[in-house]
Amino acid sequence: MPVQGSQRRLLGSLNSTPTATPRLGLAANQTGARCLEVSIPDGLFLSLGLVSLVENVLVVVAIARNRNLHSPMYCFICCLALSDLLVSGSNMLETAVFLLLEAGALAARAAVVQQLDNVIDVITCSSMLSSLCFLGAIAVDRYISIFYALRYHSIVTLRRARRVVAAIWVASVLFSTLFIAYCDHAAVLLCLVVFFLAMLVLMAVLYVHMLARACQHAQGIAQLHKRQRPAHQGVGLKGAATLTILLGIFFLCWGPFFLHLTLIVLCPQHPTCSCIFKNFNLFLTLIICNAIIDPLIYAFRSQELRRTLKKVLLCSW
């Protein structure tokens with residue numbers, strides 16, 4: 001889709017990296033400096049998007065089919081899967097349209113292409129924002145279930161969960177439309193970066209607090225049964241490893257994209273920043289990878305959901 005470089009748009013077109021560039025090599029930027037540029041083949045990008053699409057569709061179908069999964073927690077997980085599905089689907093659609101236009105198989109006026117690009121970018125941006133929000137909502141839900149266990153079902157009701165879901169979707173669509181319309185303003189990009197950092201801090205604080213409570217609980221059980229300290233240390237190490245993986249994946253998959261937005265504001269013309277801008281497709285691919293990993297972390301670990309998914313797949317055959 002015709003744009004003047006990925007730094008000129010919030011999401012930009014997926015043709016910011018030339019297809020003729022080697023998969024991993026050195027490219028020259030506008031100042032003549034040598035840059036490390038990772039080019040993602042269109043086939044690989046579409047394949048990852050398809051895997052994410054299928055995975056998240058299965059999660060949505062499994063939760064919709066099993067009434068036992070119609071709880072606030074699974075409501076958030078289902079919406080996270082739907083957001084990831086839209087992230088993958090919109091990026092796949094944009095890539096497919098660009099390839100068809102490039103090959104001459106699809107003819108359209110420039111104005112129509114630009115409008116289509118705007119619509120796809122709004123869908124992509126809103127699904128990204130909602131995905132981050134639902135990750136935060138899942139963290140809050142788990143926090144309440146641990147620290148307010150006796151009052152959990154009165155605090156987190158299905159009606160309240162649905163209101164939160166509706167608010168997230170409406171806010172995501174509204175703000176993404178504004179972000180795309182005013183993406184040339186530095187304040188818009190900074191708002192997105194601040195939002196990402198806020199979600200990262202929220203998740204880190206909540207999960208670290210939950211880990212501390214789990215360690216205290218394990219220590220209390222160990223003292224009650226007069227067990228040795230290594231049992232408590234084992235729980236702490238396992239919890240710390242899980243927390244590191246969860247937050248590490250979140251940061252590694254989303255961080256580069258928001259670093260890209262930050263550098264657009266701070267150093268749009270600097271040679272080093274220009275080199276980073278060339279890897280925009282890689283940053284989008286990492287977000288697609290996050291959409292693949294999310295169901296493995298939040299959905300498929302549920303035995304009830306796996307049983308439902310197995311029944312759905314067997315019935316489809």
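Keep in mind that glycine also has a Cβ here, set from the backbone N, Cα and C atoms.
The feature topological domain 'Extracellular' is assigned by Swiss-Prot to 1-37 (among others), with sequence analysis given as support. Summed and averaged per residue, pLDDT over the topological domain 'Extracellular' (1-37) gives 43.
Summarising the annotation, Swiss-Prot assigns N-linked glycosylation site to Asn29.
Positions annotated as transmembrane segment by Swiss-Prot: 38-63 (among others).
Remote same-chain partners of the topological domain 'Cytoplasmic' (64-72), defined as residues 6 or more beyond its termini with a Cβ less than 8 Å from a stretch Cβ, comprise 78, 141, 156-158, 160-161, 302, 304-305, 308, 311-312. Here Swiss-Prot flags 64-72 (among others) as topological domain 'Cytoplasmic'.
Under the heading transmembrane segment, Swiss-Prot lists 73-93 (among others), citing sequence analysis as support.
Positions annotated as topological domain 'Extracellular' by Swiss-Prot: 94-118 (among others).
According to Swiss-Prot, the transmembrane segment annotation covers 119-140 (among others).
Per Swiss-Prot, the feature topological domain 'Cytoplasmic' maps to 141-163 (among others). For the topological domain 'Cytoplasmic' (141-163), the list of distant contacts is 70-73, 75-76, 206, 209-210, 213: same-chain residues at least six beyond its ends, Cβ to Cβ under 8 Å.
Look at Swiss-Prot and you will find 164-183 (among others) tagged as transmembrane segment. The list of residues near the transmembrane segment (164-183) in space but at least 6 beyond its ends in sequence, with Cβ under 8 angstroms from a Cβ of it, reads 9-11, 75-76, 79, 118, 121-122, 125-130, 133-134, 137, 189, 191-192.
Annotation comment: Swiss-Prot describes 184-191 (among others) as topological domain 'Extracellular', evidence class sequence analysis.
Taking Cβ pairs closer than 8 Å, the transmembrane segment (192-211) reaches residues 10, 129, 132-133, 135-136, 139-140, 142-143, 146-147, 179, 236, 239-240, 243, 246-247, 250-251, 254, 258, 261-262 in its own chain, all 6 or more past its ends. Feature annotation from Swiss-Prot assigns transmembrane segment to 192-211 (among others); the stated evidence is sequence analysis.
According to Swiss-Prot, the feature topological domain 'Cytoplasmic' maps to 212-240 (among others), an assignment based on sequence analysis.
Annotation comment: Swiss-Prot describes 241-266 (among others) as transmembrane segment.
What Swiss-Prot records for 267-279 (among others) is topological domain 'Extracellular', and it gives sequence analysis as the kind of evidence.
Outside the transmembrane segment (280-300) by six or more residues, the chain places 6, 11-12, 14, 16-17, 38-40, 44-45, 48-49, 51-52, 55-56, 58-59, 62-63, 77, 80-81, 84-85, 87-88, 91, 128, 131, 135, 138, 246, 249-250, 252-254, 256-257, 260, 306, 309 with a CB less than 8 A from a CB of the stretch. Residues annotated as transmembrane segment in Swiss-Prot: 280-300 (among others).
A Cβ distance under 8 Å defines the sequence-distant neighbours of the topological domain 'Cytoplasmic' (301-317), meaning residues of its chain 6+ beyond its ends; these are 58-59, 61-63, 65-66, 68-69, 74. Marked as topological domain 'Cytoplasmic' by Swiss-Prot on the basis of sequence analysis: 301-317 (among others).
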Folded-back contacts onto the transmembrane segment (73-93), same chain, C-beta under 8 angstroms, at least six residues removed: 14, 45-46, 48-50, 52-53, 56-57, 59-60, 63-64, 120, 123-124, 126-128, 130-131, 134-135, 137-138, 141-142, 145, 156, 158, 161-162, 164-165, 168-169, 284, 287-288, 290-291, 294-295, 298-299, 302, 305
